[in-house]
């Protein structure tokens, strides 16, 4: 069973390494080595093997969970995570992120450096330091390889089934710890408890090392007990099915909170100014969760009248909500109130471009975004906004060129491949459309759809030997995955 699981992982490793160009992609055809089960706990899952598990998990997870396609939100999270990672004990710093569209409070880490957060965590955390507390805790689970150590303990009692392990991981992160535990317990990857339910010792270690990471990064250690206390209070006054998801797999107790508070007292308090970057992302998430644009407008107006952490962020949120409500002129007035003090801030430049699009001025939007891109070449949120504006302006050929170039920088962004397929269709590049759709489906674990798109592209490429050969190679890789899935 282990051989089959590893073989499946090897096929995934071959085929899911997305290339850097929709037209000419070089593939990594090296297979993973089967772990030597006689080795020590630190090498049951080698770093490379864990990495492939994580990337396979991510693709399967995307197929089953609603995820966010917001380049600004990802850019913020990426910057924060890498700042924390740089001050952590994590050795393998190949990190991938996923943001789940879910208003609950949750974050999770998967072997191999995949970190996920529910966007509800952005709204619940009051400060960047509170938000970072949860992320630093997850990084600590990765750096101490808690999951692999628990799996090795289970493997000594039962053989390991990789496919079952991944399925359980996906369920645990998608619908909660209990469902994941049930799924894992039906496979040979589980022993008596869910592998995602870390032991109390693991949790204590992650709390301790997470706080070290937090303070090393210059953040406030007192944010940790504050965040935990608020989550604990929320859980005490919630019914069983409304307990924050984070607490289902990371149980809090009064003792654990007291230990965290005592640990914080050992560090000098760090008073940091309000992080506008974080508060702007909170505003984006609040706007996203509003049931209607009108509700979002009313919410931000109410917050501007009351006590607020960041007036600037609330005005930004109001501008977004007004734009969504079709009130572009009012949105522009709101944005002008904060933009003059920080004219190069990317969030404001993109918001201004979106206002121009709402006004029916896509040319103005492209000009403004292109001008800002000259200051930050390759910036992902700006580039995606620019490509979208080009599409709206009818410049699909230019948008295609921009996105093909960007795919070399961000080859694992599903949203990029989706938009690239759209503009390629508008530009008349039907082969490119099908190939880009295939990459999108691969990144989302939809291999049958990927096969279908590649088959369409191959039929249209009979007169182009070089292109046909590349499409055939990719098609064979996808078919190999499907064959292994069927056997397993």
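Any Cβ shown, glycine's included, is placed from N, Cα and C.
Automatic prediction, not curation, is the source of TrEMBL annotations.
Pulled from TrEMBL:
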DOMAIN    75-263  domain 'Peptidase M48'
BINDING   137, 141, 203  Zn(2+) binding site
ACT_SITE  138  active site
ACT_SITE  207  active site, proton donor
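There are 23 other CB atoms within 10 A of the CB of the residue listed as 'active site, proton donor', with all protein chains counted. Spacing of residue 137 (Zn(2+) binding site) relative to the residue listed as 'active site, proton donor' is 6 Å (Cα to Cα, whole number). Residue 141 (Zn(2+) binding site) sits 9 Å from the residue listed as 'active site, proton donor', counting Cα to Cα. Long-range Cβ contacts of the residue listed as 'active site' within its own chain (separation 6+, distance under 8 Å): 107, 108, 109, 115, 206, 210.
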